[in-house]
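Swiss-Prot annotations:
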- 284-587: domain 'SAM-dependent MTase PRMT-type' (DOMAIN)
- Y300, K309, Y310, E368, D396, M397: S-adenosyl-L-methionine binding site (BINDING)
- F303, E412, E421: protein binding site (BINDING)
- E412: active site, proton donor/acceptor (ACT_SITE)
- E421: active site, proton donor/acceptor (ACT_SITE)
- 470-610: region 'Interaction with vls' (REGION)
Amino acid sequence: MNYYVCLHQEGVNSIPKLIEKAFANNYNVVSTSINANMLPFEPHESDPTYPATILSGSDWNSKVIFTMSDVNVDSPNDKLREHAKEVFMRDVAWAEHLQNVGNLMVRLRGPENENLASIVLAKTKDDFPSGNWFIQVPITNPELATFEHRKDATAEEVAEAESNDPWNWWNNLRMVTKHSTKVKVVIELNDADRPSKETVRRWLGEPIEAIIIPSSLFVRNRSNYCVLKKEWQLIVGHFISVRANIIISTNPNDKALCQYADYVNKLINDNCDKHMLNSYENMLEIPLQPLCDNLDTYTYEVFETDPVKYKLYQDAVQAALLDRVSAAEAKTKLTVVMLLGGGRGPLARAVFNAAELTKRKVRLYIIEKNPNAIRTLSNMVKTLWADKDVHIFSKDMRDFSPPELADIMVSELLGSFGDNELSPECLDGALKLLKPDGISIPYKSTSYINPLMSAVLHQNVCQLLPTYPAFDYGYVSLLKNIYHIDEPQALFEFVHPNRAENIDNTRCKTVSFKVNKDCVLHGIGGYFDTHLYKDICLSINPLTHTPGMFSWFPMFFATRPRTLREGQTISIQFWRCVDATKVWYEWQVVNSPDDWEHHNTRGTGYNMRL
């Protein structure tokens with residue numbers, strides 16, 4: 001994704017000249033009042049200030065963001081409100097004439113925005129060919145800054161201003177406009193009040209179009225160059241990391257325009273994610289089902305580019321070999337390693353590397369059910385591993401009868417939620433392959449959940465509704481525009497080998513979470529960690545994520561949106577259900593007496609086929 005850096009100036013005499021000045025100073029978009037030259041606030045002005053022909057149609061759409069007249073369509077005064085609405089609708093009509101798919105920016109003045117919301121709702125319906133509406137919101141209530149200069153402010157006044165949170169202004173409008181993908185938020189920073197970390201984190205879960213940085217936020221460094229203070233650098237960096245564009249707001253006579261643009265372009269370069277998988281951000285994907293579907297070579301290739309995972313598997317096998325075979329037995333004792341699912345060979349390489357590093361003798365059995373993967377593995381046996389004691393079997397591990405039992409059983413059957421690729425069922429079925437004192441790598445997996453706010457993910461779920469029951473699915477997603485309402489907590493645990501007399505892989509658990517700030521619940525995040533051997537672990541739990549590992553994206557279980565209040569406790573109940581043909585999850589927010597929708601009953605949406 002390419003970012004834009006926008007120059008915002010009011011009171012300009014010429015939009016083409018503003019564009020020329022902006023582009024000469026390394027900006028690629030401009031923002032200014034739709035009423036350049038200060039058109040009087042008369043709804044039926046007969047003398048327009050500029051014609052449509054001063055720019056081409058493509059330039060109107062790609063280079064200009066219009067700010068609407070600063071009128072209050074929600075004024076408590078009837079006459080002022082009606083007059084404001086006429087002016088506002090005149091501006092909207094002019095903008096639609098100039099920009100059939102352009103961008104309009106309107107400022108929220110306070111919590112009362114019902115009329116504005118109804119206008120935006122009408123203009124953003126699916127059958128209406130409009131562009132985007134950018135809702136400009138201060139990151140904190142501007143009223144709070146005034147108390148720093150007032151000695152007469154009472155505690156009640158301060159508390160009231162703190163409770164009048166601009167996020168709620170935005171949220172109320174967003175709810176009325178039904179989470180429209182055409183309605184995005186533009187967050188205005190201010191030099192009078194720096195937001196808390198939790199405030200910033202919450203905004204990251206919103207569909208952010210841009211942040212506005214006023215020129216007053218810049219300071220001169222020792223080289224007399226315009227920069228942001230360290231605290232603001234960090235805040236701006238967080239927004240850049242979720243693809244927020246930058247709008248620099250200045251007065252028309254500012255002489256440091258180029259310095260501002262160059263500086264924020266450097267911030268963008270320093271903070272944007274250049275990872276090879278960033279094109280998957282916020283995409284919803286149906287989880288793989290490798291037990292019943294054969295993976296293609298592209299999928300294998302993506303997994304194999306993760307060096308961290310296979311290095312940790314190698315470390316685990318290495319440690320197990322050292323524990324299993326003493327130095328005195330190294331040249332004589334053979335360790336049988338059984339690999340459940342060979343893919344294109346990365347785990348086999350990890351086993352051979354571990355054997356070489358420990359100087360232990362191994363015999364490797366590779367059990368792989370994918371006939372296409374077998375072809376690649378067979379070629380590797382002939383060309384790369386001709387000197388190895390390795391044997392390939394084209395079998396389902398649950399139906400395989402081994403020539404001998406394994407000392408170490410290695411598998412890579414974990415999904416984004418730990419057990420969602422049916423590792424318990426697979427490893428239970430493969431238990432007969434392992435010696436009574438054999439080692440399973442991994443030997444334990446734990447799933448985790450937490451409540452999430454993500455307007456972008458919710459919008460993506462809603463776009464799938466016409467085709468299938470999208471709120472009854474769990475998705476794999478590279479979570480980007482999210483707010484963690486509370487930290488993840490452990491859900492289900494599975495231990496291997498499971499030698500219980502009656503194995504039951506169904507589960508049910510209720511987990512409670514605290515709401516730290518007013519927000520909206522859009523769904524449930526799902527993660528896992530696994531212990532490979534002893535203290536060697538892999539994790540995608542945000543609290544303990546294995547550095548540099550990207551083989552697994554988290555899961556996202558959708559819910560209907562609900563506004564939550566600071567201090568509230570919510571409980572989430574999760575089920576893992578099993579029948580003769582499938583495994584599935586069900587989930588529900590259980591806040592008595594107002595239990596929310598029960599999702600994926602009987603696995604009618606997302607399920608894993610046995």
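The backbone N, Cα and C atoms fix where each Cβ goes, and this holds for glycine too.
The structure, with features from Swiss-Prot marked on it.
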{"residue": "Y300", "record": "S-adenosyl-L-methionine binding site", "contacts (Cβ under 8 Å, 6+ apart)": "G343, R344, A373"}
{"residue": "F303", "record": "protein binding site", "contacts (Cβ under 8 Å, 6+ apart)": "K309, G343, P346, S551"}
{"residue": "Y310", "record": "S-adenosyl-L-methionine binding site", "contacts (Cβ under 8 Å, 6+ apart)": "E304, P346, L347, R349, A350"}
{"residue": "E368", "record": "S-adenosyl-L-methionine binding site", "contacts (Cβ under 8 Å, 6+ apart)": "G341, G342, G343, I374, L377, I392, F393, S394, K395"}
{"residue": "D396", "record": "S-adenosyl-L-methionine binding site", "contacts (Cβ under 8 Å, 6+ apart)": "K369"}
{"residue": "M397", "record": "S-adenosyl-L-methionine binding site", "contacts (Cβ under 8 Å, 6+ apart)": "L340, G341, I367, K369, C426, G429, A430, L433"}
{"residue": "E412", "record": "protein binding site", "contacts (Cβ under 8 Å, 6+ apart)": "Y313, L340, G341, G343, L347"}
{"residue": "E421", "record": "protein binding site", "contacts (Cβ under 8 Å, 6+ apart)": "P287, L288, Q289, P290, L291, L413, L414, G415, M608"}
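Sitting within 8 Å of the Cβ centre of F303, E412, E421, and not among those site residues for protein, are the Cβ atoms of L288, P290, G341, G343, L413, L414, G415, S551. Taking H, G and I as helix, E and B as strand and the rest as coil, DSSP gives the region 'Interaction with vls' (470-610) the counts 6 helix, 71 strand, 64 coil. For the recorded site, D396 (S-adenosyl-L-methionine binding site), the DSSP three-state label reads coil.
Counting every protein chain shown, the Cβ of K309 (S-adenosyl-L-methionine binding site) has 22 other Cβ atoms within 10 Å. Spanning the residues Y300, K309, Y310, E368, D396, M397 that the record associates with binding S-adenosyl-L-methionine, the maximal Cα-Cα distance equals 24 Å.
Spanning the listed protein site, residues F303, E412, E421 have a farthest Cα to Cα distance of 15 Å.
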